[in-house]
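Trainee: Mind looking over this structure? Questions follow.
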Amino acid sequence: MQTFGCFLYAFIEIFPECWRTYIWLLIFGLHAAAKGANTVLVSYVPRVSSNKDRIKAYSFLSGAEVLAVVIGPVIQFACHLVPGVTEILGVRWLKISEYTVPIWLCCCLSIFNLICVVFVMEEPPVESNAKILRKTLAQAWDEIKNTDSVLVSICILEKCIAAFGCTTILTLAPPLIVKTFNIDESGQSLYTTLFQCVSGICALVTACLCAKALNSSHLSSKAFLVSLIFFIAAYFFSIPVFSFYSRPVTIADAMDIEKILKTLMPIIPFAVQVNPWVWIVTSGSLIGMAFPLANIAHDTIYSQILGGIDQNVFTGLMVMIQNICMIPVPLLAT
């Protein structure tokens with residue numbers, strides 16, 4: 001689905017203009033459906049790993065995800081430097097630009113990913129005495145009743161809160177950067193790239209350390225608490241609370257300087273904003289450490305709470321509720 005969505009994106013100009021809105025909706029739907037396959041990957045980890053090396057497995061999974069956080073923005077920023085639009089072989093609807101290069105790369109990676117899934121990932125052996133659907137559902141219900149429902153509910157609630165916060169950050173970050181620092185599109189691309197690179201590098205280091213250091217659910221619970229403290233610290237470094245990382249507000253439009261001085265004179269001496277470079281280093285580093293630490297610790301705790309039962313049902317339940325909680329974020333932001 002993701003590969004098909006990439007092709008639709010690349011060849012969007014083939015379609016009449018009156019169709020393009022619906023094609024865009026289809027593209028977003030295909031990419032969202034493809035992202036839902038992450039549920040299968042998360043549930044695949046407990047099936048191919050033991051309880052002892054579960055943390056290491058989730059650390060590798062998280063490390064692979066944060067690699068994209070580092071490489072993706074760099075590629076996007078490099079594409080932003082591509083001058084103008086170039087037609088391929090003189091074809092009007094086949095172009096190379098800062099908006100099409102990333103999608104072509106994504107398409108190639110999707111095809112490579114499909115090849116890896118088909119030819120590399122091993123499917124766990126299927127039982128010869130497979131049960132009929134009715135008995136399988138009955139067994140799943142018995143497993144649900146035998147688990148600690150309170151702990152499972154708390155884990156799902158924590159995951160939903162984290163998903164809501166993560167989606168909020170991703171939704172509001174671009175306009176927040178523009179309004180806070182009074183920068184143009186190029187400046188936004190630069191700041192966003194640097195922020196994500198700092199976050200990605202710290203996240204990658206954190207994932208590697210988690211694979212070595214965390215070896216029990218007791219340590220995982222402490223790591224989850226530490227990640228929450230990092231999130232709080234990152235928030236305080238994103239607002240001008242203290243003077244050592246703040247500076248006077250820069251006025252975006254110099255043409256209105258006299259009007260601004262007349263209307264806002266009482267508060268101008270006290271108006272401050274966060275220093276962007278301090279924000280990139282501090283908040284970027286803290287968020288980069290907090291996200292993988294929270295994800296690895298949470299997934300490990302959740303998997304160990306479920307124990308030796310078939311975790312596909314519970315993983316799917318958690319991801320489904322998590323996705324539902326992400327729906328209101330764009331609506332509230334808008």
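A Cβ is built for glycine as well, from the same backbone N, Cα and C atoms used for every other residue.
Curation plays no part in TrEMBL annotations; they are all automatic predictions.
So TrEMBL has the following annotated:
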- 22-45: transmembrane segment (TRANSMEM)
- 57-79: transmembrane segment (TRANSMEM)
- 99-121: transmembrane segment (TRANSMEM)
- 160-178: transmembrane segment (TRANSMEM)
- 190-211: transmembrane segment (TRANSMEM)
- 223-245: transmembrane segment (TRANSMEM)
- 277-301: transmembrane segment (TRANSMEM)
- 313-333: transmembrane segment (TRANSMEM)
Trainee: Under 8 angstroms, Cβ to Cβ: which one of 57-79, 190-211, 223-245, 277-301 has the largest number of such pairs with the transmembrane segment (22-45)?
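Mentor: Comparing 57-79, 190-211, 223-245, 277-301: 57-79 has the most Cβ pairs near the transmembrane segment (22-45).
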Trainee: Where else in the chain does the transmembrane segment (160-178) make close Cβ contacts, counting only residues six or more beyond its ends and a cut-off under 8 Å?
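Mentor: For the transmembrane segment (160-178), the sequence-distant neighbours (Cβ-Cβ under 8 Å, at least 6 residues beyond its ends) are 188, 191-192, 231, 287, 291, 294-295, 298, 321-323, 325-326, 328-330, 333.
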